[in-house]
Each structure stands twice: as structure tokens, then as C-alpha cells.
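Novice: My questions all concern the structure below.
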Amino acid sequence: MLKSVFILSALISTQALASSPLFLQAHAHEEVHNITGEKLIPNPEPSFHDNDGLKSLAQICKENGFAFEEHKVTTEDGYILTIHRIPGLLHELNETKTTFGPKPVVFLMHGMTGDASMFLLNAPFKTIGFLAVKAGFDVWLGNNRGCKYSLEHTHLKHNDKTPAYWDFDFEDMGTKDLPAMINYTLNATGAEKLSLIGYSMGATQTFAGMSMIPHYFEKTVNLFVGLGPATRLINCRAEALKGAVADMEVIKFVFVDILKEYDFFAPTWLSSLINGEKMAIFPKSFEKFMSSFDMDPYVEERGRIKSISGHLPSGAGYRNFIHYGQLINSDTFKRYDYGASDNLHHYGQLTPPDYPLHASSKLPIALFGGYDDEMADPRDVQWLAEQLGTHRVIGQYMYEKKGHLTFAFGKNMSYFEEDVIPLLHKYETEPRVTVV
């Protein structure tokens, strides 16, 4: 039990980067591409500072020459979510041009215990959010319920000692949060469809959503890109997560039933560590523990640890953690297991059903995995591709020397520039008029 409590405590401070912890119809005539290895960057990378840990996302964007906006939307069940937007580069505006013209829209969805900052905290010249803007896209960044940017609710409180606010998991994020944010984005931009990128749990929730409400995603999304897509997790090798899962019932009893702590990854207790000289010490522990997931100093951008640890973790409900634990012990991608009697009430059967990954047949999917990914193991990514079918997956990209964190925080982000962005352009929907 003590080991489990220690592991969970460590998870609270770092899980955002690892598990965070996460496609349907593709054209039948297109082949699945397997990429082994990636280009090395021949020239030294530009120097950069690791000083964004205490800055707001607006500051980070504006200091690097990007416009920034913040929007709010309320889900059907009352969660008030924040959406961030980077509509373009500041130099695009001048005295005669005060608004950005219409552009194709890309929506980024973060991983577990993360938030929109996951796409803005790598070195500025290679962070996903900025790369997509430079490629000509209107970039929107979602924030799931339970993260620090989306803690509001129309009538529930996230910090009281009842589980009411936290009674959700990634299925709710895929069937309620994503539709609310996508609808808002499409209405704001006037676009007919957008391209959706889900990293880690961002992919998990999207697959859950596409399985449960396939026609919605077919109607609103022109392409889904899954980075480190976490669905079936039976081959997960992340030591810290597997260690905690082994004593899941003990952890739930101690933290949920006794202590009434429903946000396993609340960032507030870290705030005293993230200041001044303490920040120089904390990231070393942060970095050391990340090695128990798959942080590789040769491929991850450790030069940004202070900035990353200043923003993450961002919070995640206990049921997300439990659901991932259930998936690690399952050989399929299943819905939440409430226990036999409650399963009968929720599903009409004693065991949770599998998500019907085959439900949609019209939405193009691209899967991006790493052979060194200890969360979304290559065997599980291959299983996912097989469930979807080669006629649905327009591309399956597997890379040497890429772990779970590399997709967001890698030293070499050429995969995004050379493989993801061309796909986004290929499937982009012609923009109409910008409303916001």
C-alpha cells in the first residue's frame, strides 16, 4: 500500500507528460505507410531560454510573435470549458489589416493531466501549436473538464468534498467536451469542418467519441490525427503507471473513499515549488521521475523542463485514472467498468462493452506511433489500426527513437513538419468567412 501511495503521489506531479497521459474511414486505394527512423537535424539548433514556467499562455504566444485569444463554452451537462486560439502571426496585422483572414482550422486536444499548454511548451521554433500556425492554419486548443483552465461549472464546485463534479472520464470528454468545443470553433470561424489532432488521451477521448456518436464527427471533422494514440493498453510498459494500477483498489479506497480527493493530479499543491530558486531544484526531480515513463534524454527536449513543470500537471479526475487502469488490464478498448450490478444499470450487461471502433466509416484517420512509446505500445497501436481496418487508416506512421513524450516535447519535431502538416493540407476544408 505504501508503495502504491508513493507511486500515485509521484504520478500526481508528472503524469501530465506521460499518460496524457492517448479514425475511421480512409480511402481504400491509399496504402498504409510505415516509416522507420527519421531524419537527423544536421545543423545545431537555435538557442532558447527555459523561462516560460511562470508565464501565461498569452505571454508565451505574444512574446514569440503570435496572436492569442481565449474563449468559453458550456457543455450540455454544465461544464464551462476554456478554448485557446492562435489565429495567426502578429506581423500579419498592420494599420490597414486589423483582423486575420479566413484560414483552414486545426483543433488540438491535449493528453491526460494536461491542458492546451502541452502544445506550446516545447522550444518555440518546434512546438506543435506554433508550427501549425506557421503552416497557415487557424489553431484552436481545447481544454478538457477538470484541467485548471476548465474547472468552472454552472452549479457544481470542483473543490468540495463530494464526487459530483468529478463524476466523469474520457468518454464524457469525447462525447460532450469535444462536440461543445468543436461546435463553438466552427461557429466562430464559419468553417464547415476542421482537422482534429489528439495527443495521448486526446486520441483516447476522440476514439471514444467517434465510437459513440460517429455521425457527429463525420459531419464536423475532415481528418483525425492520433499522436501516441492510447486505446488498448495491455502492453503498456510505463513502470510508474503499471505500479499504481497493480494496487488500484487500495489507491481508490485511500484517496477517494477516505480522503475525498477526487482530483488525483491537482496542480495547486505544486505552486509553492514553482517559484524563484526552488524552480531550479524541482525540475530535476520532475525529470528524474519521468524516466520511469519513457523520457529519453536523447530524444526529449529536457532543456524545457522548467517551463513544462511550471504549467503541468493541470488536473485530472479520479475516474480517468481508474479507467486507464482498467484498460491496462484488458485486451480490448472497453467502456468504464462500474462493477457488475452498476454495469447492468448502465449497459444492460454485467461487463462493460467494447467501444465500437468500426462505427464510423467516413472519417479519414492517421496514426502516429513510436517504437519506444511505453504508454501507447507499438503492438497496441497496430491492434488499433487492425480494428479500424486498412481501408479506414490513410496512414500509419511508426518511428524509431520516439517515445510517448516525444510527440509533444521532442528535440526533433520533423515528423510534424514533414508528415503531419502535409496531411492537414491534403484534407483541409476551404475556409469561408471568419466571424470572430
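Using N, Cα and C of the backbone, Cβ positions are placed for all residues, glycine too.
Look at TrEMBL and you will find 1-18 tagged as signal peptide. What TrEMBL records for 58-122 is domain 'Partial AB-hydrolase lipase'. Positions annotated as active site, nucleophile by TrEMBL: S200. As annotated by TrEMBL, active site, charge relay system applies to D373, H404.
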Novice: How many Å lie between the Cα of D373 (active site, charge relay system) and the Cα of H404 (active site, charge relay system)?
Specialist: 5
Novice: Let's check the environment of D373 (active site, charge relay system): how many other CB atoms sit within 10 Å of its CB?
Specialist: 29
Novice: What is the Cβ neighbour count of H404 (active site, charge relay system) at a 10 Å cut-off, with all protein chains included?
Specialist: 33
Novice: Would you mind checking how many other C-beta atoms are within 10 angstroms of the C-beta on the residue listed as 'active site, nucleophile'?
Specialist: 33
Novice: What is the interatomic distance between the Cα atoms of H404 (active site, charge relay system) and the residue listed as 'active site, nucleophile', given in whole Å?
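Specialist: Per the Cα atoms, H404 (active site, charge relay system) and the residue listed as 'active site, nucleophile' stand 8 Å apart.
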Novice: What is the three-state DSSP composition of the domain 'Partial AB-hydrolase lipase' (58-122), stated as helix, strand and coil residue counts?
Specialist: 13 helix, 21 strand, 31 coil
